[in-house]
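Colleague: Features from Swiss-Prot:
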- Ser136, Ser138, Glu234: Mg(2+) binding site (BINDING)
- Ser138, Asp141, Asp142, Asp264, Glu347: Ca(2+) 1 binding site (BINDING)
- Asp173, Asn229, Asp231, Pro233, Glu234: Ca(2+) 2 binding site (BINDING)
- 449-482: domain 'I-EGF 1' (DOMAIN)
- 483-535: domain 'I-EGF 2' (DOMAIN)
- 536-574: domain 'I-EGF 3' (DOMAIN)
- Gln23: pyrrolidone carboxylic acid (MOD_RES)
- 23-700: topological domain 'Extracellular' (TOPO_DOM)
- 724-769: topological domain 'Cytoplasmic' (TOPO_DOM)
Amino acid sequence: MLCRCSPLLLLVGLLTLRSALSQECAKYKVSTCRDCIESGPGCAWCQKLNFSGQGEPDSVRCDTREQLLAKGCVADDIVDPRSLAETQEDQAGGQKQLSPQKVTLYLRPGQAATFNVTFRRAKGYPIDLYYLMDLSYSMLDDLINVKKLGGDLLRALNEITESGRIGFGSFVDKTVLPFVNTHPEKLRNPCPNKEKECQAPFAFRHVLKLTDNSNQFQTEVGKQLISGNLDAPEGGLDAMMQVAACPEEIGWRNVTRLLVFATDDGFHFAGDGKLGAILTPNDGRCHLEDNLYKSSNEFDYPSVGQLAHKLAESNIQPIFAVTKKMVKTYEKLTDIIPKSAVGELSEDSSNVLELIKNAYNKLSSRVFLDHNALPDTLKVTYDSFCSNGVSQVNQPRGDCDGVQINVPITFQVKVTASECIQEQSFVIRALGFTDTVTVRVLPQCECRCGDSSKERTLCGNKGSMECGVCRCDAGYIGKHCECQTQGRSSQELEGSCRKDNSSIICSGLGDCICGQCVCHTSDVPNKKIYGQFCECDNMNCERFDGQVCGGEKRGLCFCSTCRCQEGFEGSACQCLKSTQGCLNLQGVECSGRGRCRCNVCQCDFGYQPPLCTDCPSCQVPCARYAKCAECLKFDTGPFAKNCSAECGTTKLLPSRMSGRKCNERDSEGCWMTYFLVQRDGRDNYDLHVEETRECVKGPNIAAIVGGTVGGVVLVGIFLLVIWKVLTHLSDLREYKRFEKEKLKSQWNNDNPLFKSATTTVMNPKFAER
């Protein structure tokens, strides 16, 4: 299998080398060899003496290797340090699965250094297994079976490894509402059956430190009692965080670490603690006191990402042994937690041994190669060449599945620095395994120029030669240290080479020598850079037909401005000097309402090309010319006596021409119709007035007044008649109602209230005869 990988590794290496050689050199403000090396991985420096000519900057020494060779720099004079990787031989003794153990990298900015890491899975590697169990009431039958597992569990480990140890811990949930019932009686016995003996709820209890004594495991687990809580999710993530954060209390060795997490329900995570008024985020530290997580009610649950980071940091591989209904939930959790597995637990945990074996085989047959946190200036990628023939390139971490015992697999690691970095180190590890690779990183930014670096005569005995460039002594500057500063600082000298305080020295196109700009010679053919501050050139002008200033026949470029030859004009000399296309029939340029540019009228606002004759949006000054129309045509109105003086520039046209129609009143109240015909220029009009006017007779005042008075009187009489009729009808209706009431008031008997004025008395003694 190694033979199959070698050609692929060679191909990747060749492609990387070809890519590096084909890179361009984007140099900027380069004056030294170090500046050049930092400019990019494609840049190289020529240390040949007198390689740069008169007026050329030192930056011409910095270019791609191909360009430098083409310019006459021999290969021995080209300084081009490359990124390197040096591996240290593996230490003898011990069972090592990862090699090499130490690598030293010399990194040039932008250029990757590559090295190979080999992983060989060992047989019988030591294992520590910690069994973390949910003791909520629904796990009662599971606890009964786990109490019998001690010897079987350790025997199962010994089938896999020569050195196995087991430990035990349990969890329920935080002991505050709404997670558990906080009634004192329920806190003492949280089980639904009061006759059942249960232990008080707790967050996490470390029961048994990792041991190889199966009898001790069975004894300690046998003492455990079931507990209970209120809500369905459990506090399992709290317990896992403590198992990972307390290595000494748990007893972890530097071997393969397995954490079996057994539960039949989901889990609380960060933010759920707010339901119980717990706001402080989980700090990821160990808080075990007397083997109990007593600070559970002070810290929120950990987030899944926080737990994943802690497990990876502690090199712990979790195995989630969950019931059928929770398998999909925990499979999603394994997508976030690397090197984790899920197994379906039977309702009574009777298959836990088989589950652990299968999960371990699955975990140990897959290898992830990863590194610890790095600064932004370093980038690490992995190419994985697996034993099953599957390959992956440029991945953020190495990944191979189906790894077999004693069959090596190769990872190619590529490390790239974005700038010259400080010396530092980082660690590469295979997740779930204890072996690591320590990578020491050093910068590769210095130029090792082994030529006449001590020759001072080439620099006028006032400096030394370094990589083909003079490095002047204090008080001297210049390409050959020929300029003495005479006590002036470099800032003062450079100030006279700046156009203003905000500009760069010599516009970035020259060198400041003794306070004066010496402009560079351009690499562009026929381009000349000049000016006091090298701010001018003969190429930076507008172009016409792809040529600067339209070509030498049309114009020449002087300091960003085109100077046109005779017969041409325009910002790029693109126009012929002619106005023929701008003249109207009268020979007036743009009708006096625009300017002729490039033989085309540029009309004033509102007027339309081609000759600026029409202005659809302009307002017609009809009222302003009404008095002139009256005096010129009818010899009346306010201007009648001095019409020639007031309207001297306005002509009366004998016949109607195209123009704007106007209707205005004259001094006699008649309506005039006339046409305004615009002449060349602005506000210049001639008139054509219609012969007839429309005069309207004045109103008959007497008829209007008489009609108005008569109308008012008639309206008044009509209103009185209506009022009288309505009044009569109302009286008639009231009279009829009175008559009707009168008929209703006739009596059939005497009025009981009436008393007659005559009284008749009968004499009883009187005898009738």
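Glycine residues also receive a Cβ, built from the backbone N, Cα and C atoms like all the rest.
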Colleague: What does DSSP call Ser138 (Mg(2+) binding site) in the simple three-state scheme?
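Modeller: Assignment for Ser138 (Mg(2+) binding site) reads helix.
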Colleague: How many Å lie between the Cα of Asp231 (Ca(2+) 2 binding site) and the Cα of Asp264 (Ca(2+) 1 binding site)?
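Modeller: Cα of Asp231 (Ca(2+) 2 binding site) to Cα of Asp264 (Ca(2+) 1 binding site) measures 13 Å after rounding.
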Colleague: Within 10 Å of the Cβ of Glu347 (Ca(2+) 1 binding site), how many other Cβ atoms can be counted across all chains shown?
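Modeller: Excluding its own Cβ, the number within 10 Å is 12.
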Colleague: Restricting the comparison to the binding-site residues Ser136, Asp173, Asn229, Pro233, Glu234, which residue's C-alpha is spatially nearest the C-alpha of Glu347 (Ca(2+) 1 binding site)?
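Modeller: Result: the closest of the binding-site residues to Glu347 (Ca(2+) 1 binding site) is Ser136.
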Colleague: Can you tell me which binding-site residues out of Ser136, Ser138, Asp141, Asp142, Glu234, Asp264 are within 10 A of Asp173 (Ca(2+) 2 binding site) by Cα, answering none if there aren't any?
Modeller: Ser136, Glu234
Colleague: Pro233 (Ca(2+) 2 binding site): which of the binding-site residues Asp141, Asp142, Asp264 is the nearest Cα neighbour?
Modeller: Asp264
Colleague: So which binding-site residues out of Ser136, Asp141, Asp142, Asp264 end up within 10 angstroms of Asn229 (Ca(2+) 2 binding site), measuring C-alpha to C-alpha?
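Modeller: Final answer, ordered: Ser136.
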Colleague: If the Ca(2+) 2 site is taken as the center of the Cβ atoms of Asp173, Asn229, Asp231, Pro233, Glu234, which further residues of that chain fall within 8 Å of it by their Cβ?
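Modeller: Checked against the 8 Å cutoff, the neighbours are Ser136, Val172, Phe179, Val180, Leu230, Ala232, Gly235, Asp265, His268.
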Colleague: Radius 10 Å, atoms counted are CB only; among the binding-site residues Asp141, Asp231, Glu234, Asp264, which position scores highest?
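Modeller: Selected residue: Glu234.
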Colleague: For the binding-site residues listed here, Asp142, Asp173, which shows the highest count of neighbouring CB atoms within 10 A?
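Modeller: Per the Cβ count within 10 Å, the most buried is Asp173.
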Colleague: Around the Mg(2+) site (Ser136, Ser138, Glu234), what further same-chain residues have their C-beta within 8 angstroms of the site's C-beta centre?
Modeller: Asp134, Leu135, Tyr137, Met139, Val172, Gly228, Asn229, Ala232, Thr263, Asp264, Asp265
Colleague: Could you list the residues of the same chain, at least six apart in sequence, whose Cβ is under 8 A from the Cβ of Ser136 (Mg(2+) binding site)?
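Modeller: Counting only residues 6 or more apart in sequence, the Cβ neighbours of Ser136 (Mg(2+) binding site) under 8 Å are Val172, Asp173, Ile226, Ser227, Gly228, Asn229, Glu234, Asp265.
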Colleague: Of the residues in the domain 'I-EGF 1' (449-482), how many are helix, strand and coil by DSSP?
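Modeller: Taking each residue of the domain 'I-EGF 1' (449-482) in turn, the totals are 3 helix, 10 strand, 21 coil.
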Colleague: Helix, strand or coil by DSSP: which one applies to Glu234 (Mg(2+) binding site)?
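Modeller: Looking at the DSSP assignment, Glu234 (Mg(2+) binding site) belongs to a strand.
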Colleague: When the pLDDT values for the topological domain 'Cytoplasmic' (724-769) are averaged, what is the result?
Modeller: 76
Colleague: How does the domain 'I-EGF 3' (536-574) divide up by DSSP, counting helix, then strand, then coil residues?
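Modeller: Split into helix, strand and coil, the domain 'I-EGF 3' (536-574) gives 0 helix, 16 strand, 23 coil.
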Colleague: What number of additional C-beta atoms lies within 10 angstroms of the C-beta atom of Asn229 (Ca(2+) 2 binding site)?
Modeller: 24
